[in-house]
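Enquirer: Feature annotation from TrEMBL assigns ATP binding site to Ala30, Gly31, Ala32, Gly33, Ser34, Gly35, Lys36, Thr37. The feature domain 'UvrD-like helicase ATP-binding' is assigned by TrEMBL to 9-290. Here TrEMBL flags 291-619 as domain 'UvrD-like helicase C-terminal'.
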Amino acid sequence: MTMTQDWLQHLNPDQRQAVTHPAGPLLVLAGAGSGKTRVLTHRIAFLIAEQGVAPHQIVAMTFTNKAAQEMRERVDQLLDGQGQAGQVTISTFHSLGARILRRHAPAAGLEWNFSIYDDADQRRLITRILDEAGDERARADVRRLQSYIDACKNRGWTPTQAHENAHDARAEADAELYANYQRALQQAGAVDFGDLILGVLVLFREHPELARQYSRRWQHVLVDEFQDTNPAQYELLDHLTVAHNNLTVVGDDDQAIYRWRGATVANILGFEDANEKAARVKLEQNYRSTSVILEAANDVIARNDRRHAKKLWTERQGGEPIVAFTGADDREEAAYVAETIFDMARQGGDFDDVAIFYRTNAQGRLFEEQLRQWGIPYRIIGGLSFYAREEIKDLLAYLRCALNPRDDVATARVINTPRRGVGKTTLEKLAAATSVPGVESLQGALLLALEDRPAQNDLFAARRPRPSNPTERLLIETVEELSGVSRRGIEDFWTILEATRDDLLHYDELTPVLERLIERISYFEHLERTDSESAEDRTRNVGELLSAIEEFEQDPNSDALIASVQEAMPDDLDDLLTTAPASLRLRAFLDRSALVQSTDGDNGPGQAVTMMTIHGSKGLEFPTVFVAGLEEETFPSLRDPGDSEELAEERRLAYVAITRAEDRLYMTNARRRRVYGQFKDTEPSRFLLDIDPSRLIIDPRSAAKELDYARDRRKRLGAPHGEFPEPQVPSQGAAAYDFNQAPASDDHLAQDTPDWESNFSQSPQEWDVTHTPAGDDKLVGVTVSHTRFGIGEVVSVSGSGDKARLTVDFPAVGQQTVIRKFLKVLG
């Protein structure tokens, strides 16, 4: 048996057909988990070993360097490490473009050693152009203009073409900026990432014979993830195959989820129309998931109209049913996920095998808190921890420096956010003045710049010190003589601090203090000005911060944390601001959020649950997957409910999420979700309702036990439906579960804080520690919860009654000794 025959026999019939395709255009529709990388690498090896194609005559393009490296290694293994794989050009689109441009730099109007600008370089250049032109959009519109330029280049448009396609005054102005930007790039001897494709297109358009030379050199062109290509990349492929049309593209239109990056699913949907002699091979056998999971994915994606019909199947017949859970609210949803993972680990499961997917980063905050509460390690992929995000740190910094005038880190962070003319030089002068006795902090230095403005609440003992030391006098005078712009900015900032301190004095609750601060500094407008592309997500994160504070204030467990703040205060403290109710709540909340940050994020090389947005999950797989937030307006998340293309992409996103699961899939939602601090009733996502109910079981702890209201909605939509299997009742405490609860209008949902904790314990009946027999050793080995330290296990008990001292092993912080009355026994 030859080497080729040996590895061909390990392919399934469809894979083998794609690999051995002789020549001409080939479309390989590779469903999720169907072995597309295997097909690509085997096809390269087949062309070399069986078709006699020289390795240097093959080019394969991917979207990431990691994928390119993986392809090289696999091809090398197939060819027995003979070194031929190193002669194949396996590259990302942009790397290939850079290589061509450097080789033909003079013809492209470039120097051979041109620089490649990244996103930050782009923004700096755009800002400079706007500043030099005196454009009113300077700094306020930079990111939108950057996105506009990127979009033009993704379409393959030069500045001239952008002008031709401009249909209003704003588009004309944007196109003119684009032209100025390109001139500035050329003057700087630089290109940006978009130019690495567009520059090659312009080169080939102006020198078609050069394109033919490359086409004759690379006799076979292969493309991975073809559904993610944009129009410019498609045109590049046309140029590279002009002499032969030996183009193999592998992709899945059902996984086209990057429209927002400029990708167009039309490339893969229209491939056969553009290439009349194209062959098509479908890879529908899935090697990843159970049949139950695949059938659910098929249920969801089948409702998209414009797609290549395909239906995944697997030899892994059966499998565990998909578990559906509806929380009374989004906090209960997150608590359910955390406890379910905790139970898996206690039964011997690995945290590394579990992933939590959500539609937007803002949803991750509750899951972070609950995982930490249960002592579960986690890592966040492709995003920051909630409290590490810029917009959250900004607003918390404002509150910190209002509460603590000596917090220089917080003051420095927000003194010029949003921009108010207090630049780096001014900040350096202020910082230098803090070395003067009687000043001692940035806010103390701010007072030096404010003419005859009294300090509020006696925050500083000294107003304008006049030291005898000449150096110190000079530092003070430097601040006092700041420019009018800087002085006005400082005045504005101080007014905001005073108003926020007033709010802390006059409001009992913290939520209105933050709401008024956001309005006072026009923070949402600031987000839109600085980054219009990400403003929606960042605004949603601010809303999630309001929700977090609202939950904290309504959570009875927070009282103990607030009490601990009071206990730590000196008995003789008479500072009204510090002792105000809202200030106490703020200090307690800041302490808790700091604790979350100290234990969150990537836990290093050890075992950890993976958290990420669904966009970030593409190409990955996990034995157990939780898909959260399956409610209308959350997932799908539609800017324009009437946009059918947007809905189709959201449906493809749901398909991607489902097909990441290998063995177990949990799909969760909440009857109501906090949005900007206020509860909002929800409807189950249409994607959840698209799944044949026979594939689902309802977790007995779910607030929706039969999903009758979901079935009614399906009937109204004219969709097929079936009976959900009866949920399995726990052997103990079955009476605690009402299987016929109605939706969100139930009485128990009228409470701001539902008593969800009783549903999440080893027994439905939670122990009351205050009535457990005193001095009872039965508490040793019991799982308990503490508001600050999370979930832990009792190691020893000393004393009796409410004042008994329990030593508890908390995974998050180690062993701690805690007074009994501050613990809640879970089981």
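One is the number of the first residue shown, and numbering goes on along the chain from there.
Placed from the backbone N, Cα and C atoms, the Cβ positions cover glycine too.
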Enquirer: Cβ within 8 Å of the ATP site's Cβ centroid: which residues qualify beyond Ala30, Gly31, Ala32, Gly33, Ser34, Gly35, Lys36, Thr37?
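Expert: Counting only non-site residues, the set is Val39, Asp252, Leu283, Asn286, Tyr287.
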Enquirer: Average the pLDDT scores across the domain 'UvrD-like helicase C-terminal' (291-619) and report the rounded value.
Expert: 83
Enquirer: Need the DSSP three-state call for Ala30 (ATP binding site) to compare against my parser.
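Expert: The residue in question, Ala30 (ATP binding site), is strand (DSSP, three-state).
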Enquirer: Determine the minimum-neighbour residue: among Ala30, Ala32, listed as binding-site residues, which Cβ has the fewest other Cβ atoms within 10 angstroms?
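Expert: Per-residue Cβ counts within 10 Å for the binding-site residues Ala30, Ala32 bottom out at Ala32.
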Enquirer: For the binding-site residues Ser34, Thr37, which Cβ has the most other Cβ atoms within 10 Å, all shown protein chains included?
Expert: Ser34
Enquirer: Minimum Cβ neighbour count within 10 Å among the binding-site residues Gly31, Gly33: which residue?
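Expert: Each of the binding-site residues Gly31, Gly33 was scored; lowest Cβ tally within 10 Å is Gly33.
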Enquirer: Are there residues of the same chain, six or more positions away from Lys36 (ATP binding site), whose CB falls under 8 angstroms from its CB, and which are they?
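Expert: Same-chain residues close to Lys36 (ATP binding site) (Cβ under 8 Å, separated by 6 or more) are Val28, Ala30, Asp224, Val250, Gly251, Asp252, Leu283.
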Enquirer: Name the secondary structure element type, per DSSP in three states, that contains Gly35 (ATP binding site).
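Expert: Reduced to three states, the DSSP call for Gly35 (ATP binding site) is coil.
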Enquirer: Including all protein chains displayed, how many Cβ atoms other than that of Gly35 (ATP binding site) lie within 10 Å of its Cβ?
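Expert: Taking every protein chain into account, the count is 21.
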